[in-house]
Amino acid sequence: MTDHDLVREVRARLTRASLALARVPLSLLGLALVPLQLVTYPLVLVTVGVPLLLLSTALARRYTGHHRGWAAGVLGTGIPSPYRRPANRGPMTRVRTVATDPATWRDLAFLPVNAVVGTLCGVLPLALWLGGAFGFAAPLLWLNGAREVEYSLIDADTPGNVVLAPLLGVAYLVLAWWATDRVEHLHARVARWLLAPGARAALTDRVRELADSRADAVDARAAELRRIERDLHDGAQARLVSLGMSLGMAEELMARDPEAARELLAEARESSSLALAELRGLVRGIHPPVLADRGLDGALRALALAHPLPVSVDLELAGRPEPPVESAAYFAVAEALTNVAKHSGATGAWVRVRHEGGRLALMIGDDGRGGAVPTEGGGLLGVERRLGAFDGTLGVASPVGGPTIVTMELPCALSSVKTSSSSGTA
Amino acid sequence: MRVVLGEDLVLLRDGLIRLLRAHDFDVVEAVDSGPALLDALVAHRPDVAVVDVRLPPTFTDEGLRAAITARRRVPGLPVLVLSQYVEQLYARELLSDRAGGVGYLLKDRVSDVRRFVDAVRRVASGGTAMDPEVVTQLLARGARDRSLGTLTPREREVLALMAEGRSNAAIAARLFVTEKAIGKHIANIFGKLDLPLSEDDNRRVLAVLTYLEAV
């Protein structure tokens, strides 16, 4: 570290220490919210408290919200909002939600704690810096005859005081240097401890998330079944009926008009192959046979082969994921590749699949024009929902001008069974 | 002509046996699982094998893998693979030993008896029989490959029919031109795909392979 760096770093720390001191009034101001809130609770009984309570909690939440943002900035990790979602059914339910929300009470507890911790943490660093500086100032005062000035138990009459005081000052400065950021961190950690969702709230959130994703999964499944039913009814089933009719008529015509019968038979054969083609399409949509045969490896390679653009597949898996995960991953990649073909204007794409840390990571990239966003009704949002059912996540990085990279992660274990290997040509 | 049949669905197996026998094939053995198929192929060394892709015990691509393994042990063993669906990946694997005598057809093609029997005979005599659906998929992508991109639309049409395994005469009849014109087109295709001049009939297979490998 050069001298210049040292000076700059000292200046930065001094600034931070000053800012911490500036926050002290804010910490103390929070105390005022405590009686306000406590008073409004009994007042709820006489209705006037209802708007008051809502107002005071709103104030308290603004206040703690600010601290949440500050602590998140200091700690470098976000702090999720701990509050229950307001059930918007009349003011009384709203009040009940707010009043019984454990987060409201934790906010209330935060105010006095923050007043104490915030004041201490605000005063301490700057006090240390000033104390250090004074270690150099005191000897000058003593030499100028100010005998009554005392510095940390050293007074003007102590032998060696002129040397001792600056030495102690240096110790203070080192301590101040060391402590400035640590004290701020400590304050932020205390804030997070009280302001982050409690274990229970986190669990409640998780339950809600799971209920949502289950509802999505059930919806998607029902829609899928309806689609299959419709496709079967309008497609294969109708064709088989017409096939039966053609055969029946041919049977009747056989003796009278063999030529017409032959035509009908040819028609029937045509019908049967169309029915088969439709069934084949349907099966592919439900579960692609190549996925059953070869697992993700073969299925993604087959997908790449059938793609209108050159797609390179880089896949390393030590085994196979459970079938539902495998299928979700396959359809997600298929959807992403379809998007590449439809919208990206790319000249090529790539797929990378790895299994690391208990998660299946899939990446699909292209060299197209970018600007992809998961919009309502769009394919990517559908993929996100589909992955959500497995606790999976979807990320899209697509700056305008490209390139686009879609990343997906699915928690899953791999079975030890190795994917059946191809003959080495794929 | 001796045939080994691998098909696990009883109805379809009996139907195929009846169909083949009606056309003077000698079905020497009909098996219903992958391992049994491999044993039968190696033991009988038939003139042609008709094989379902999906067979027990795994009900995945057992039949296909048995066929590929058998071709490794008995080089050039003619195999016609039938499947409920076509997958380019499988077509490539089948053709990977760059030898003829390979077919890959959708099961529904069996219903067009004459063409099916034709395909069996063609494969038995070292030719190819690719399903039109494989060929269509390839045609859709062909434009992106450099060497295939230089083909004229007519030449691509001819190559597609050639990939299905048709003879020059059949292609000529289909496109309503003379056989000589087809011969010229094919010579152009071989030239553009940079296939060495030889009297070897396998150049047709190689042309198809170039097609399949255009990735």
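Counting begins at 1 with the first residue displayed.
Cβ coordinates are placed from backbone N, Cα and C, and glycine is handled just like the others.
What TrEMBL says about a protein is an automatic prediction, not a curated fact.
Remember, it's a predicted structure, so these values are computed and weren't measured experimentally.
Long-range Cβ contacts of the transmembrane segment (A:20-37) within its own chain (Cβ-Cβ under 8 Å, at least 6 residues beyond either end) map to 53, 56-57, 59-60, 63, 108, 110-112, 114-115, 117-119, 121-123, 125-126, 180, 183-184, 187. What TrEMBL lists as transmembrane segment is A:20-37 (among others).
Per TrEMBL, domain 'Putative sensor' is recorded for A:23-195.
According to TrEMBL, the feature transmembrane segment maps to A:43-60 (among others).
Positions annotated as transmembrane segment by TrEMBL: A:115-142 (among others).
Sequence-distant contacts of the transmembrane segment (A:162-179) (same chain, at least 6 residues past either end, Cβ-Cβ under 8 Å): 10, 13, 17, 124-125, 128-129, 131-136, 138-139, 142-143, 151-152, 154. What TrEMBL records for A:162-179 (among others) is transmembrane segment.
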Average pLDDT across the domain 'Putative sensor' (A:23-195)?
83
